[in-house]
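As written in Swiss-Prot, here are the features:
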type	residues	note
REGION	1-241	region 'Pyrophosphorylase'
BINDING	12-15, K26, Q83, 88-89, 112-114, G151, E166, N181, N239, R344, K362, Y377, N388	UDP-N-acetyl-alpha-D-glucosamine binding site
BINDING	D114, N239	Mg(2+) binding site
REGION	242-262	region 'Linker'
REGION	263-492	region 'N-acetyltransferase'
ACT_SITE	H374	active site, proton acceptor
BINDING	A391, N397, Y398, S416, A434	acetyl-CoA binding site
REGION	461-492	region 'Disordered'
COMPBIAS	479-492	compositional bias 'Polar residues'
Amino acid sequence: MTFRGDTAVLVLAAGPGSRMRSDTPKVLHTIAGRSMLSHSLHAITKLAPQHLVVVLGHEHQRIAPLVAELADTLERTIDVALQDRPRGTGHAVFCGLSALPDDYGGIVVVTSGDTPLLDANTLAELIATHNATSAAVTVLTTTFSDPLGYGRILRTQDNEVMAIIEHADASPSQREIREVNAGVYAFDITALRSALIRLNSNNTQQELYLTDVISILRREGQKVNAQHIDDNALVAGVNNRVQLAELSAELNRRIVATHQVAGVTIIDPATTWIDIDVTIGNDTVIHPGTQLLGRTQIGECCVIGPDTTLTDVLVSQRATVVRTHGTSSTIGAGAMVGPFTYLRPGTVLGTKGKLGAFVETKNSTIGTGAKVPHLTYVGDADIGEHSNIGASSVFVNYDGTAKQRTTIGSHVRTGSDTKFVAPVTVGDGAYTGAGTVVRNDVPPGALAVSVSPQRNIENWVQRKRPGSAAAQAAEKASTRTGKQSQQKSEPD
């Protein structure tokens, strides 16, 4: 989206966010996989403004590097302005303007870093409305049934915007007003600069309010315009953990609905959480209790869940993933994972492969058609195509100093309870017996067996645990066995 004339956007993110009661700066709290500030900057970037400035104050040392990272991600310049003291929103805008070129003469859009649902379309409509009029400012408004904490819109009898009164300074009758300031404005920069120098701190909070610019411009006879939006969630701010949870749920509801409309079956939207950067293919079914996080990508015709959490996982088409926790892994087409499977970073499961119940994998490649059906740890390993790893096997990858790799060839069959002591290689087509500890390479086609013949120590329990329940049971069994042997030896 681009507009005639120049556009600069100031994002106010200098406040301490004390009501969050958090060591994390408010604008860095996350919703749907992005920080609130990241949501704002993603939306603004779609407008392609000539200038984008983030105004920082509290904890600016922590936030500024993340702004730089977002600038790289979004492939655009984002300037940072510093508000050295918390003197109010009017002062924050004054600081933000200092980051613009002295000869900049376009419009200035002001928004905040704690309205994560504010989208590019809403901003674009505000700018278009402002460009179509001769107003000095166009303010975005909305209506809340409970407008606690929001500045109220005061209108004349002709329904023109007269002023904005902050909640703390509002009279009881003014607090009954339900139309509120959304905290988003489009200003003529000349009018804005002229009004900012007239601000004073004669208010309850002793701050320079940006909202006072409205009444100043009005008194000067300049036109003040307003644009009302019905969808108040788009401009709802976050000041505490309750509001954070409420907006998280609302954004998730919208994300889920978007996927449903696009052809994804989501059995229970109320228990399904999907981050904003997740993609899901057509005809995939998402079962209850599923979380798809980060940049997870799900192909077409997959079955995911129930009770599954995937973070930055790539799932190819027609795969099934049940009751699985996975991070930074890849699941091939037609593969089957779960239940109760743990995919740690670096896991790559090939086409039609299988990772079954109580299997944990890490930094390993499991080839096409290979199977690890149950009760196994696979760490730092490469398993060839169509191999089968027996139950209770362990890839012993740590030698006390560093992680070592194990290589399993194709079409290998390993017995239950096999231990692979890395570094070790098992050749194509080889077998291992149950309980084998593989310490040396196994040639292709060989059978590896390391278990010695079984040795039974007769009457050990009676001697070592005399009088115990086990000894008594053994004695009875021996007596029965003796009688049966005697009966067999007697002639008919």
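From the backbone N, Cα and C atoms, a Cβ is placed for every residue, glycine too.
On the structure: features taken from Swiss-Prot.
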{"residue": "G15", "record": "UDP-N-acetyl-alpha-D-glucosamine binding site", "Cβ contacts under 8 Å, 6 or more apart": "K26, G57, H58, P86, D114"}
{"residue": "G88", "record": "UDP-N-acetyl-alpha-D-glucosamine binding site", "Cβ contacts under 8 Å, 6 or more apart": "S201, Q205, E207, L208, Y209, L210"}
{"residue": "G113", "record": "UDP-N-acetyl-alpha-D-glucosamine binding site", "Cβ contacts under 8 Å, 6 or more apart": "V11, L12, A13, V27, M36, L37, S40, V54"}
{"residue": "N239", "record": "Mg(2+) binding site", "Cβ contacts under 8 Å, 6 or more apart": "G17, R19, M20, K26, D114, G149"}
{"residue": "R344", "record": "UDP-N-acetyl-alpha-D-glucosamine binding site", "Cβ contacts under 8 Å, 6 or more apart": "T327, S328, S329, E360, T361, K362, N363"}
{"residue": "H374", "record": "active site, proton acceptor", "Cβ contacts under 8 Å, 6 or more apart": "G356, A357, F358, V359, A391"}
{"residue": "N397", "record": "acetyl-CoA binding site", "Cβ contacts under 8 Å, 6 or more apart": "G379, D380, A381, K403, Q404, R405, T406, A422"}
{"residue": "Y398", "record": "acetyl-CoA binding site", "Cβ contacts under 8 Å, 6 or more apart": "G379, Q404"}
{"residue": "S416", "record": "acetyl-CoA binding site", "Cβ contacts under 8 Å, 6 or more apart": "G390, A391, S392, S393, A434, G435"}
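Around the Cβ of N388 (UDP-N-acetyl-alpha-D-glucosamine binding site), a 10 Å sphere holds 16 further Cβ atoms from the protein chains shown. Cβ neighbours within 10 Å of E166 (UDP-N-acetyl-alpha-D-glucosamine binding site), excluding its own Cβ and spanning all shown chains: 21. Between the listed binding-site residues, namely L12, A391, A434, the fewest other CB atoms within 10 angstroms of a CB are found at A434. A simple way to gauge crowding: the CB of D114 (Mg(2+) binding site) has 27 other CB atoms within 10 angstroms, across all the protein chains here. In three-state terms derived from DSSP, N388 (UDP-N-acetyl-alpha-D-glucosamine binding site) belongs to an extended strand segment. Across the range of the region 'Linker' (242-262), the DSSP-based residue counts are 20 helix, 0 strand, 1 coil. In this structure the residues listed as binding acetyl-CoA are A391, N397, Y398, S416, A434; their two most distant Cα atoms lie 22 Å apart. Taken residue by residue with DSSP, H374 (active site, proton acceptor) is part of a strand.
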